[in-house]
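Undergrad: After the structure tokens below, expect a handful of questions from me.
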Amino acid sequence: MDSALIPKGVRRCSIGQFALFVGVVGVVLLWGVFAMLLCWIKGLNQTNMNDYYGFALWIWADLAVIALGGGAFFTGFLRYIIGKDELKNIINYAVLIGFICYSSALLILAIDIGQPLRGWFIFWHANVHSMLTEVAFCLSCYFGVLTIEYLPLILENRQLDKVPFFHNLSHNLHEVMAVFAATGAFLSFFHQGSLGGVAGVLFGRPFAYREGIFIWPWTFFLFTWSAAACGPCFTIMITRLTEKITRKTLVKQNVVELLAKISGWMLLTYTIAKIIDTWYWAAVSAPAGGFWLMDFYSNNPLYGPWILITEVLICGALPACILITKSGRKNPFTLMIAAVLAVIGVSLNRWVMVLQVMAVPVMSFDKWVMYSPSWQEVATTILPVAYGVILIAISHRYLPIFPQERELNPIEN
Amino acid sequence: MFPFIFEWMWDMSHVVFMGGLWYALTIIGLGMTYCILKAAVDTAQGKGSHHHE
Amino acid sequence: MKKEHSKAKKYGMVIDLDKCTGCGACMVACMAENNVPFKKDESNKLDSITWLRVFKLTNGKSFPDADTCYLPRPCMHCEGEHGHAPCVSVCPATATDYSHETGIVSQIYTRCFGCRYCMAACPYHARYFNWWDPVWPEGMEKLLNPNVSVRMRGVVEKCSFCFHRYQAAKEKAYYEGRQELEEDEYQTACTQACPAGAITFGDLNNPKHAVYELKKDKNAFRLLERLGTNPKVYYISTRKWVRQAGDNYLEGYETEGKVKKHR
């Protein structure tokens, strides 16, 4: 029925099966949309946030998807600036995943603010000293860049490509893509960093506060670094997941291995930097504010030392060691384990830098406060996942996302 | 965001921050303009019309 | 003389905790003065708005050594370093500002778009979010203070040191051809409501104001001084455990030199 839209030389499931899949995920999407409307119409009293938890699940989701979407900028940087040509076989998917992550982040932010209709104030009345201003500007601009990077992919749809103007536009965009990729890398460096700065500059919160260079706390650099390290792991993870669902090999092993190797070295150096940061913070910064390290990890039902061990060792050092060894990368199972651990690690780091910051009491007579999200918060956080699945399904069906697909899955006529 | 908004100050912070922003926006804007204009010229010259999948 | 007139003011408070009985009159006065909204059920303190909140502190000992202290906590109007208050520097839309003229940290409700970053930045929990639109009991709209704007859902609010009273006093002084305010011309609602006289308010820079000397009391301290927030609310207590509760101290760690003094 829709065969005219499907790229030539590839096999896709039947339209019925496809519609069923999209329909089921669509129900989840609608649930999220309903919750989103509730939040917009009735206000943020629909959430379990409170005056102790001004930042909660959404801000974590925001930080996490942006870190995971970091695969787009870093893969683009490696492909266009460093010249790792093999990565052209995975860059499309990295861009698509990045596009989903960033559009989700913007949507979540639009739900999260108390007065959504005033959202433009952050640009118009910008306070250039606020990390959040930097986030807003770079995030929006980089989303523009991702849209530009995704555009030629859409234009390569079999029917759209027949329109000469679209064909030429797509061709021209490819020609100058390095310029956009470089701009994207520049913007990403700053917004990934400033997201780290959001927590790091809070000198009233000794758990979050870090020293640094000029206006940038160390978390600025740690966030950029970890996004560059773990973003590609997310790209690999989703690629492998897509291959499982479509029951096809879509990207050659050597391409994935190259990305995994670079990611591994980034993750290893990041983990070392993170350990140094944690040590300096525990030994110098926190005591200067009147806190021992264990003050942050005791007297509460959730936040214990297990967090540091999980984040830094199990989800940092371990996957890094797997990814930098040849046998670790070659084995699909250990490669997948490493990618998943890295994704969990970076997500846990973002959770800690948002939620635990709010939970730790600062005044000596204050108490730990725990938080669990309302269903509206959960639904609106799952909404982008459903949206992402649908966009990937549609893009995979109708656009030539994987350049190696035809070669790896020949159709015998 | 613009020098005519009253929060704007001609200080280093504003010049560096907004300079970076407008630099990025200019590159993105000029890049897109170039691509669209060139695509229009190419199309007018008949390029791409004989393209087959 | 003229030079003294142009000197920047630094309005602040000194609260004598040994005098505070925890009666809550300051909280009530604050809510009435500033049109602070309330809910039918105020039992959940995590989402109710109290610009001035009285904390109850105990020394953790049992009878007969048990001791209690009530600590009123308004906004600290932190100066940080050169006005770099924790909340002011982070607001992305310039909706909160540190006035170098008065030392007051303002909140512009119509500018705030509710990102709540300032709340995350404030270690005193002095900032509150309007989770609901204000609903006043039948007829109460007419009793609201006309000098203070009510706030809408979705914005952050906090203690303003009754800034509208400063504006009114300045207007009156200007009308009478004066530049300077007398100490009693500008006082906050909580100061005036305190039956024990525990709260003293005035210009910390002005030797004629009572707070000028009080803040130098040997038993004076500020909350979380070590973080460098440089607050303008001082507390006085002759009880050591109360003074120690004002900050976090580590046994065996040399901290004296690290405490930032901004007096």
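Heads up, residue numbers simply count up from 1 along the chain you see.
Glycine too: its Cβ is placed from the backbone N, Cα and C atoms.
So TrEMBL says this about it:
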TRANSMEM  A:18-43  transmembrane segment
TRANSMEM  A:55-78  transmembrane segment
TRANSMEM  A:90-111  transmembrane segment
TRANSMEM  A:131-155  transmembrane segment
TRANSMEM  A:176-203  transmembrane segment
TRANSMEM  A:215-238  transmembrane segment
TRANSMEM  A:258-282  transmembrane segment
TRANSMEM  A:302-323  transmembrane segment
TRANSMEM  A:335-358  transmembrane segment
TRANSMEM  A:378-399  transmembrane segment
Undergrad: Counting only residues 6 or more past its boundaries, what in the same chain has a CB within less than 8 Å of a CB in the transmembrane segment (A:302-323)?
TA: 233, 260-261, 263-265, 267-268, 270-271, 274-275, 278, 294, 296, 329, 334-335, 337-339, 341-342, 344-346, 348-349, 352, 356, 359-360, 368, 370
Undergrad: Go through the chain and flag residues at least 6 beyond the ends of the transmembrane segment (A:215-238) whose CB is under 8 A from any CB in it; none is fine as an answer.
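TA: Answer is 66-75, 90, 93-94, 97-98, 129, 188-189, 192-197, 199-201, 208-209, 256, 259-260, 262-263, 266-267, 269-270, 273-274, 277, 280, 319, 323, 335-336, 338-340, 342-343, 345-346, 349, 353, 392.
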Undergrad: Contact between the transmembrane segment (A:335-358) and the transmembrane segment (A:258-282) is defined here as three or more C-beta pairs under 8 Å separated by at least 6 residues; is that satisfied?
TA: yes
Undergrad: Would you kindly list the residues that approach the transmembrane segment (A:55-78) from elsewhere in its chain, counting only those six or more residues past its ends and only Cβ-Cβ distances under 8 Å?
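TA: Same-chain contacts beyond the flanks: 47-49, 84, 87, 90-91, 94-95, 97-102, 104-105, 108-109, 111-112, 139, 142, 146, 149, 181-182, 184-185, 187-188, 191-192, 195, 223, 226-228, 230-235, 259, 262, 266, 343, 346-347, 349-351, 353-355, 357-358, 371, 373, 377-378, 380-381, 384.
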